[in-house]
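Listed features, source Swiss-Prot:
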type	residues	note
REGION	349-353	region 'Interaction with the histone H4 N-terminus'
REPEAT	118-158	repeat 'WD 1'
REPEAT	211-251	repeat 'WD 3'
REPEAT	307-347	repeat 'WD 5'
SITE	LEU273	site 'Important for interaction with HAT1'
Amino acid sequence: MSLEAEVPELGQDDSQRELTIKEEYQLWRKNCRYMYEFVSETALTWPSLTIQWLPENKTNEAEGLIDAKLLLGTHTSGEDTNYLKLASTQIPLSNSSNTEEKSNKKVTSRIKITKKFENNFEINRARYMPQDPSIVSTINGAGEIDLYNLGGDQKTAIAHFTPHEDNGYGLSWSPHKKGYLLTASDDKTVVLTDTSRLDATDLSQVCKFTTHKDIVNDAKWHQFDESLFGSVSDDKYFYLFDIRTPGEPVSKFYHPESEGINSLSFSPFSQYLVATGNANSNISLLDTRKLSTKSAVSDGLLHTMMGHSDSITSLEFSPHKDGMLASGSQDRRLILWDLFKVGEEQAQEDAEDGCPELFMMHAGHTGAVTDLSWCPYKDWTIGSVADDNIVHLWEIGKTLLNAEKGIELKDTDLE
């Protein structure tokens, strides 16, 4: 296990909140060995608002390591140049069933920055193109979109365009159609751009969606239908759009209890399931078949999950395990949810720890979680970043996973 933290000092303010954060962090470190196969912490000079594992990796069987790459950004608050950063690290294979051997082997998971690409403002999100991972898009604090070639020598963007008039966080490459890029912004719009029609000076904007009445916080492509995408906004709406009929959404969901909806994720396993992360700290599970075409209607809500204590910032379904969802929040927590446990009966002592679908809580960050990413080639492995300048890379422990399997077997036996 690697715990290579450079934890920033909390300062001399004796407020109850800071003392609580410090004590919680120390307790988390103490219990890491019981929860993780490995966990590493790396301090950055500036916080990163974005993280994503790149699919490129190299396995070293002899050393029991995987050479991995990550995308990070910077948020310098105007005090320094902002960059898209390409980072390298090593993570363990964790194939050994010998716990003592695993715990005694040193793993150097310190993140190293191997390339930097300049950007005009803080990078809110950076994502690689699925069909060509060497091409990366970013959206920044001015709503500007930049494309970079990770494999080239150019240290600046290969394309720069300004479809928005304000800060933006929504950024999603189509998994179906090469070059199709969705962006969403505080200017209340979602824009679809065809980056494959790039020449030296021009990008082709396919269409702009202007239905939302407030800040659009996120937009994501559907995992099964190449024509569908979803968007969420401070106007409390989730909209499902069809790019073949631009204009009004084909269906919608209204969330009256929340101050807004911050993020969404479509399931890669169930074509009708979408999760939304809300400003009121809850997560909504929706059935897209049951959504309404009318305004101010909440049809389609399957279940509400409660476990966070502050606004949801990021949401992503596992690419490996059906029904496993990760959420990050302003409350400094990252929660893994097992949707197959929704509605299970609980003993009273278990219910006090949370709802049955709350699978695990990662409590190692000392600042608001800004983004998370499932590793695409290694089960149960996640990268997460927070505004405390710390990057966490971690894999859920086999002990925890086996304990869950044991419970399932016991229930089966009882039936």
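Just so it is clear, glycine is given a Cβ too, placed from its N, Cα and C backbone atoms.
Using a Cβ-Cβ cut-off under 8 Å and counting only residues 6 or more beyond its ends in the same chain, the repeat 'WD 5' (307-347) has close neighbours at 21, 262-270, 275-283, 285, 354-363, 365-374, 376, 379-380, 382, 384, 386, 396, 404. The number of other Cβ atoms within 10 Å of the Cβ belonging to LEU273 (site 'Important for interaction with HAT1'), over all protein chains shown, comes to 22. Taking the repeat 'WD 5' (307-347) as a whole, pLDDT averages 96 in the prediction.
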